[in-house]
Amino acid sequence: MNDLKTILELETLNPSQRKAVKLVESPVLVLAGPGSGKTRVLTFRIAQILESTLDHNFRILGLTFTHDASDEMQNRLIELVPQYMDKMFLGTYHSFCADVLRQHGSHIGIKPNFNIYSQDMDLKKVLSDSIRKNHIETNLNQDKLLPTIKLLKSFLIFPEESENVFENKNQGKIISEVYSAYENRLKYLNALDFDSLILNTYKLFKKYPAFIKRYRKVYKHICIDEFQDTNFAQYELIKLLCGKTYQNLFVVADDDQIIYQWNGASHQRITKFITDYSPKIIQLPVNYRCPQDIVDIANKLISHNFFRQKNKLPSQSASPEFNQDNIRLLHFSNLKTEAKDISYEINNKFEKLEDLVILARNRKILNEFQIALREVGINAVISQRKDDFESTPMIWILSALKLVNDKNNKDVLEALCGTFYQLTDVKTNPKEVIIQSQTSNLGYLQNWLELSFTRTDDPNVKKILNVTMEYLGHQKEYDKFSDLAINYFSDSILHKEPDDPSIEKFADFEEEKIVWYELKRGIKNSLGKNATLEAFLQELQMHSKEHVPKNSVILMTIHGSKGKEFDHVYLVGLVEDLLPSFQSISKGHESPEMEEERRNCFVAITRAKKTLTLSYSNNYYGWRKKPSRFLYEMGLLDKNEPNC
């Protein structure tokens, strides 16, 4: 992107966007409403800074809340300034902290090749093992202990400090003991959970301020997306990194889209940032996504919230025309009828199913719609995070890579042996590998390879063993190995008969193969083409492995839809006790919980680029329900008119 092109591209921005891009040498807060082009502003700002400082030696740190957001920024910047991708780090808070700990964590006892545990199932096992192995007697609910530890970490409270947090001293003592045992168990396993990434980076910077100075020197500009979603620990980390006089801190936020209070987000975070840094504030009120009538009902709805930035401008659509067909409100007798009728409508109305989404407050409602859609012959998928690959070939490939990184991991060895036997009928007992490893200087992978070679005469099986030995046994060429291994298993499928029972082992392989390549490309864009295996695996552990099939209707919770947009949005189940939730109603009409529910509804309706369909029923699961108060606040229902 040369200077002339930069000038021409900047001309496509509106005045407020252009001001946000060009304003430097001052902390900046951009209040960006839905569809206001905030990603465009962030990427143009980064590109403009890099092009105007060619003779300067520094990097830009771009922090996002989700991997999807960082991937989108990376892709746009590759188009704008591909030659400068090595001068920036774009990723989530957790990715950045993993990078810091990978390089410097040894100073606080963290090995560079640490594992990241992202699944509750794994963390619950760590917790139960730590309680059992340390003979801790507790009558506390173990299902609540893990969220309690997570909460303590989100407030930067370490095990040795946790006892004094609780009013009940006996309870505090037990929780402190469990928390300490849990952390020691993670350390023994060479693992960190998500919250430990933030906590330990904070600990490193606090204990060794020289690292803060080094990072300030390297990252002369810091840009933060979705700042309203940051929790206490993340903000304190940013403050520690920036200090009080850092001038080039640029944050983008929208207090109307705070929907992660359960994860520590708060409307007070923006207020605190204003107090701490006295930033110049720029508003981006123009919505380039939604039609004016959708923007209008969104404005009406969110105006009922009290905890908002003062003097905030209402959103306005870049397309001011009104169309009475943009918004519809549908009313049904019960949930099954609601799901059935909407499914029939979708089947008859839409050819490109990927252009629409069905949103609901919770997954239970989505299950009903998934069943109804499938009954009319539509493939319907509920979007959800997927932490692991599930096809046998991908599990084997990942196990091989993990054993290179963590040479004596017995759990990974068992997965490697088991999946290879399922794929090739070559059986190598993990115990044999462990015994042989005790008399050699080689890790489990090399010893497994040696034993496996002696167990088969099949030239096709020896082919994949040779590939593994060449690229992982003597070196760490994980990129080449994974490509060749995937090609090997793809070829294996082609040579199998349709009735071959072993073909079940390849279920989901084709979809997961696509996800693998997408993730690998994104991680390489973020960490660089020469990313180490340990860095690649750590980043991979933090990404969802979800595959979205083509020509399917996607169903999402409102939380899952944040940051996304669709031509046509169906927001279903708009009744009291569902949206807003029963819990928020019990807290009161003016409670923070009710305000968050209103923001949930605001986020949902502002995903729509063309049409918005809202629906509610009289009866859900045998219980009579009233229409959501939000329908009245949007002006779609009149309190003086009967609606049931």
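Placement of Cβ uses the backbone N, Cα and C atoms for every residue, glycine included.
Please treat TrEMBL annotations as automatic predictions, because they have not gone through curation.
Annotated features in TrEMBL:
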BINDING   A32, G33, P34, G35, S36, G37, K38, T39  ATP binding site
DOMAIN    11-291  domain 'UvrD-like helicase ATP-binding'
DOMAIN    292-563  domain 'UvrD-like helicase C-terminal'
*Within 8 Å of the centroid of the Cβ atoms of A32, G33, P34, G35, S36, G37, K38, T39, which other residues of that chain place their own Cβ, given that this set defines the recorded ATP site?*
D254, L284, N287, Y288, R289
*Tell me, how many other CB atoms lie within 10 A of the CB of G35 (ATP binding site), whichever protein chain they belong to?*
22
*Within 10 Å of the Cβ of T39 (ATP binding site), how many other Cβ atoms are there?*
17
_Which of G33, G37, all binding-site residues, has a Cβ with the fewest other Cβ atoms inside 10 Å_ = G37
*asked:* Over the span of the domain 'UvrD-like helicase C-terminal' (292-563), how high is the average pLDDT in this prediction?
replied: 89
*Specify the count of other C-beta atoms within 10 Å of the C-beta of A32 (ATP binding site).*
27
*Any same-chain residues 6+ apart from K38 (ATP binding site) with CB under 8 Å of its CB? Would you list them in sequence order, or say none?*
V30, A32, D225, V252, L284
*List the residues of the same chain that sit at least 6 positions away from S36 (ATP binding site) in sequence and have their Cβ under 8 Å from its Cβ, in sequence order, or write 'none'.*
L284, P285, V286, N287, Y288, S315
*Counting across all protein chains shown, how many other Cβ atoms sit within 10 Å of the Cβ of P34 (ATP binding site)?*
25
